[in-house]
Structures are given as structure tokens and as C-alpha cells.
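The active site, proton donor annotation in TrEMBL covers Glu93, Glu334. The active site annotation in TrEMBL covers Asp240, Glu352. Residues annotated as domain 'PA' in TrEMBL: 635-722. Annotated compositional bias 'Basic and acidic residues' per TrEMBL: 768-781, in sequence order. The compositional bias 'Low complexity' annotation in TrEMBL covers 804-848. Annotation comment: TrEMBL describes 849-862 as compositional bias 'Polar residues'.
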Amino acid sequence: NQVLEMFDHAYSNYMEHAYPADELMPLTCRGRVRGQEPSRGDVDDALGKFSLTLIDTLDTLVVLNKTKEFEEAVKKVIKDVNLDNDIVVSVFETNIRVLGGLLGGHSVAIMLKEKGEYMQWYNGELLHMAKELGYKLLPAFNTTSGLPYPRVNLKFGVRHPEARTGTETDTCTACAGTLILEFAALSRFTGTSIFEEYARKALDFIWEKRQRSSNLVGVTINIHTGDWVRKDSGVGAGIDSYYEYLLKAYVLLGDDSFLERFNTHYDAIMRYISQPPLLLDVHIHKPMLNARTWMDSLLAFFPGLQVLKGDIRPAIETHEMLYQVIKKHNFLPEAFTTDFRVHWAQHPLRPEFAESTYFLYKATGDPYYLEVGKTLIENLNKYARVPCGFAAMKDVRTGSHEDRMDSFFLAEMFKYLYLLFADKEDMIFDIEDYIFTTEAHLLPLWLSTTNQTISKKNTSTEYTELDDSNFDWTCPNTQILFPNDPMFAQSIREPLKNVVDKSCPRGISRAEESLGSGPKPPLRARDFMASNPEHLEILKKMGVSLIHLKDGRVQLVQHAVQAASSLDAEDGLRFMQEMIELSSQQQKEQQLPPRAVQIVSHPFFGRVVLTAGPAQFGMDLSKHKAGTRGFVATIKPYNGCSEITNPEAVKEKIALMQRGQCMFAEKARNIQKAGAIGGIVIDDNEGSSSDTAPLFQMAGDGKNTDDITIPMLFLFNKEGNIILDAIREYEAVEVLLSDKAKDRATIFKGKMIPNYIIDSNLEIENMDQKSSENDSHKPTSEEAPSESQDAGAVSEEPEGGGESSAVGDPDPLSPASTDSASVSVADVDPHAPGTAEAGAPEPACTPGDSQPQEQNTQTEANSKAHWDSKVQPMESILADWNEDIEAFEMMEKDEL
């Protein structure tokens, strides 16, 4: 019932405030129309002015037994949706969300019509739309390889002069390999075989291009030549649903070749990528070598896929590890490190973890997974729910929101949560008659025997070299996956209970296994000291030499051929990767994390959280956990650059002022003198937003700023207008300035709250208890900012012109020039943490939450740095850095 109420809240707000727009913007209560909002880059490629959220939600309405609403929604789609727009969209996203949504809607529509009560008027209109869309996607497949272009213009295709696309050369493996279910279903429903043929050709090409010695595939591939562009391999972003669709294509279509391929890949995944409970990316040419030290949240689908395959133990282990991360941060960060620190702090309300929870409950019947589902529901209501829907988390550490509610939230999250708790009598049809696409759309299993235009059996000799003696040729029976011991799943989970907070389990390295020397850890970059002779000896053994540069930095160069053994060479390369990430991280950790402005007055009551930039002066909110709370008031003059003329309005309040025309510190001194208890500077650049612009820190004015004692925060124009609009509508607006958002139980602790402000599905009893429980699960505010939010500092100049910032060391990467077989280079500041003369970052494993220590770094005036998400991300740097190495490795294997 709670899931139904939450769905109604999200769906009704989309229909009321956003439809016919593609998505709802839940903070500003309006629709997101492409071209009318600042571009978010590739994320916007899912939007095609085709009422995306409504189409994506169609079959969810039927799963949740909302048949009347479904009938109305189908009529709206048929009447209102236009698929012939001059707009460039992602082939992958349009396939899984729109084509999948139309096919899922058609599947349940014909089921309802057959039952005889609803949809009696329906005559395949959704299928006709799906076929029209299928034909609009086909021009993308006009390549010699059969791999589709990543984008297509719905009106003009790919190569047309007005198409504005067709110049791309690369696509991700999942983008090209996640088409077979929808395209085959479209062919089977309509009898038009071309769709299934194109999807099969793309899958065949990826299989042919797999790395033959490891049987792994890379993340991105050239659509014309078939060369791997990014040669790292995992089960997360860029590859995830390729593996999912191989297994599900066998289930839906009954073609043995798909199962053979899946089993071959799965064996490689479990051999190289799976390091229980972790799933770590590796290099396809050197699969014993980890490609990175962090994981992305999309891999949360993998335990569910393992359940479908029948491999339960590793599914339980990985799921439990992910659940521990969620308990620490309330949501799964977009990426997190192997020692469970936040790597990318966003969370766009992804459903993959809920999906795996549902499948594990189906397989085990263990009520533990119902408790997990309950936690997900409580966190969504407590931290993501806003008056106009549910808002994505901009930063899981601060609890700040982003003005987005993606269509997959309605398509998948509520479907899986409802099915997790639903009994058979709660369903109006048998869910076992359908298979889920990667977007959780329903395709009926009877398609396997309908309009078979392609032979089911593999007649080629393509697979004769494979040893398939251990392959399973049947789908597992969930009733015999487990021993009859109800404690079996718990016994697998138990060792992982404290994996995030109290311990960092490190398996014995492969080198130690071969030597039988026990779990003695190799030298880690964070522990390295240039003055330690023992460390220098270890470096030499790993083929790493140390060069002192004229500017005082130390350069590390690795020659793999000079290592004592191949295993030592692998350790050396891993050490070099860690050193590069550490050097980059040190530049970030000197910066302050973002802060939160939370509107706590009626009718918001803490549900709207705005991301704010901190100041390098004034009260440090991270040391004042309660934050500063007060009503807001606009100052006169609005720029705050001279004595405040309305001090009576500002006294004991939080002052709002405009950016520009003087230093930030001068504004702070003026409002402090007028009696304000805090200040919020609002950007004067019309339309600026933390969604699209990098945050920065407000720097001082070059003088001593110890006299400023009040907290100061910076809001971009869009977020600032949310407060200004609230003042216009409600007059008295109260906000809380803090290092991270507080849950409502904490905000209103000890205060009388009228019952009408509490959501119907939340109770106010035992608030003190809930508050203490919530506090124990909150992330620490001192954790390092994520990769995409590297903080710079900006100080206002007269006329609003100049900017100055604090920066760290130069780029730690420098070019390598050598003819050795394998070379790695990293520049390291010997005075930076991680080397001899300065305090190293805290070890990754400490009791309780692990937090980086404050770093002392030199600053350089007149240079500029931001929390700039547009800087080249670490994984991209590492991919570039490894390309030379991998070229040599391929040469070694005669694979050029």
C-alpha cells in the first residue's frame, strides 16, 4: 500500500505538472522540455518530445493493478504522442524506454482485452506506434559492421544533411548489444523480420570481436572498424545490459547460441572480474590486472542476473555489500571505491538494487530481503520525496537534491518494489508469463513460438572450440536453488555485515597465492615514503624507478620488463595507478565539500534541499552539526556592498543578497554588522544552475577574515529563485544552512508539528528514536568531494569581474617516452601526503567511518579552479594512459 501511495504521488505530479513533457522537474514543479532547459549533455539524449515518462510507465500501471488509469494513459499516448520530431535521440535509450514501453504496453493491453473487462476497444494501436518507431531507428544500423550509430534523428535519420548526427565513430557495448529483446519482440508481434535480423547482426559482431584469450569485451567499440576504443571490462556502465540480454534472449527466443555466449562470458566474469563481494573492472588483454579501484552503481543489477542464471552465493555476497553501502549513505552513490568511499556522489534514483532485491527474494524466500525493501521505501520517503514528486540526489553525503525525476524511476523502481511485497492475489495476471527487459518492460514468453523467421539452432561451427561440458542448458528451478536450511543465505551474508564500516577485507593476492606466503599486503601508494630504503627496494622489484625533477617533484616510471617477475610487474602497474589517483585526489581533498540550504517552513518542511557553495571564511558548518536556522530576508541595497539600510528587517535573520560589485567578504561584514545570523549570495547570472555549472567556494578578500563569524553560502540563480519564489508566495520562509541535509525528524525534534504536514504514509511517533537511528546512518561530512565536484575558490572583484582560486599540484600525468615493453609514468609531489615529508591520508581502513585528513597545500594566486564536472574524469585519463601499455601487450601476443 505504501508503494502504491508513493507511485500515485510521483505519477500524479508528472501528469499534473509535466505532461506532455518528457520528464518531471520535481523541485520547480514543471516539465522538462528539451531545448527549453540548459543542456545536460548526453543525459538529454533520452528526451525526444514523445512524453517519455508516460510511455515508460504504461505497463507499471497494470502491474500495480491500476487498469482504469492504464486505459486512460493508452488513449493519451495514441492521441497525443508524435514520433516524427526533428530531434536527435539516443538509439539505446529510445529502444529500451520508448520502444520497450510501447511493446510492454501492448503486451498487457492484449492480455487485459483477452480477460474481457478492460481495453475492449484496443486494436493494436501501441504496436503500430512501436513499428513506426522501429523503422525510425533502422537508419542507425547503416554501418558496415552492423553496429548502430549511437544517435539518430527521428525525422531525418542519420546521413541526411539535416540530421545533425552520423559523425560518431564509437558506441558502448551495451548501446549496441541491448536491442535483441525489443527488436525481436517487434518482429514476432508484427511478422516483420528485419528488426530481429538487425539486432542479431549487431550481437554477432560484438561476439566476434571479443578478446579471444580472456573472452571479455571492452566498454566502447569503433562502429566502423570493430576496434576496441576503451579496453577495460566490467559488469557496470557501458557493458551491463549486453550480458543481461544474452541470457534473456535465450529465455525469450530459445536460441542455444545466446546461452553459449552468455556462459562463455559468465565464466570469464567469475574468473577475472568477480572478487567477492566486489566486481572490479579489468583489462581485456591482461584480465589479471584491475583497471580501476572503484565500482559504479549500475553493477547493482548483476546479482539479479546471477539469480536468473542460478548462481546464488555470489549474488547474495555482492548484494549484501551494496546494501551495506546504502546503509552508510542512504542511497547507492553513482560510484564508490573499493574501500567504500564516495567516488561520484550523485544518485538519480536508480532501480537496479531494488531489481536484485526482488530477484533474491524470489529465489530464497528469505524475509531479510523484505526488510531491505522496507529500508529502500523509507529512504525514498525521508530523503528524496518533495512536494511535486521524488527528486534525484545531487550529493548523497549532503542530501542535496537535483531537479530531475527520470522516467526509469516510474518504469522500474515501483514495479520491483510492488512485486517484492505483493502476494499472488494482489496481481491481476501471472508475472511468470513474462520476461523483464532491462527497463523492466514486460514481454510475453509465448513470443518464442511466434513468427520464427530465424532458425533457433546454431548450425555454424563457430562454437566448436568451446568447452561447454559444464554449461547449464535449462533455466534453473528456483525451488531447488537452496538447501532446505533457512539459515543458508544468512550464513553467506554474515561475514559481510561490517564490510563497509569496520573492515576492509583484502583477499590474498594472486602473487601470494602462488608463493603461499600468506596475506602480506603489497606496497600501497598511500603508504609509500621516498625516504624509506625498503620501499625503494620494493619499487625496484616492481620495475619502478624514481627520478627527482628540477621543480622538486618526484617522477615515477615503470618499465615492466625490468620487474623481477610478471606478478611483480602487475603489482607495479597497480601501484602506479594508485599513485596517479592519489595525486589527483590530493588536489581535491584540500577543498571544502558542498553545503545544503534546506527550506523547513510551510509547505516544504525540509523536503526541498538546495546545493550551495561554501565560503572559505565565516562559520564552518561542518563543525556546527546543528547548522544555522532562521527566516530569510532580502537586504537593501540588494548587492550588500554598502551599509545595510533595512537592518530591522535583517536582524536575527538569514540575509539574501545578489552576487557582484564587491568582494564576498565585504558583503558578509555588512550583513553581520546589521545583525544577520547568516547569509546567502544568489548568482546574478540569469538561469545559472548547479545542474549545469560547476560550484565554487567563495574566497576571502586577501585580508584577515577572522572577524566574520556568520555562515555564508552561495546559490546559483535557479536555486536562489526557488527561495525568492517561496517568499513571494508564502512571505515567511525559514531555511536551515548546514553541511548536509537533515531529515525531518531531526529538524522538528521537540517541536509541535500539525498532523496535516506529515505525509499519509509517515508517522510522527518515536521521532527522538528515529532521529538517533538516522544520525547513526548518516555519511560523515568530512568525506572527500567526489571526482565530478572538484572545488575551486572564487572571490568577487569590483564590478563582479575577477576570480582567484586555490589550486593543488599540476596534472600528475606526464608523457612517457621509451621503447620498453610496458611503461607507466606518474609525477608525485614529494611534499604531498603519500610521500615522506607530509602527513599521509588516513589509511583506507579505520574503525568507524574513514575520513581523509585535512591537507596542507600551497596555493597559487590568480589561477582558477572550480568544482568542474567537465574536467577529464579519472577513468578517462587512466584509459588514455593505459593505451600505450596495451599496444605493447598486444604486440607481445602477436595480435596487431
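For all residues, glycine too, the Cβ spot is worked out from N, Cα and C.
For Asp240 (active site), the number of other Cβ atoms no farther than 10 Å from its own Cβ, over all displayed protein chains, is 25. Taking the Cβ of Glu352 (active site) as centre and 10 Å as the limit, one finds 24 other Cβ atoms among all the protein chains shown. Glu334 (active site, proton donor) sits 12 Å from Glu352 (active site), counting Cα to Cα.
Rounded to a whole value, the Cα-Cα separation of Asp240 (active site) and Glu93 (active site, proton donor) is 14 Å. A distance of 16 Å separates the Cα atom of Glu352 (active site) from that of Glu93 (active site, proton donor).
Note on the domain 'PA' (635-722): mean pLDDT across this stretch is 90. Helix first, then strand, then coil: DSSP counts for the domain 'PA' (635-722) stand at 20 helix, 17 strand, 51 coil.
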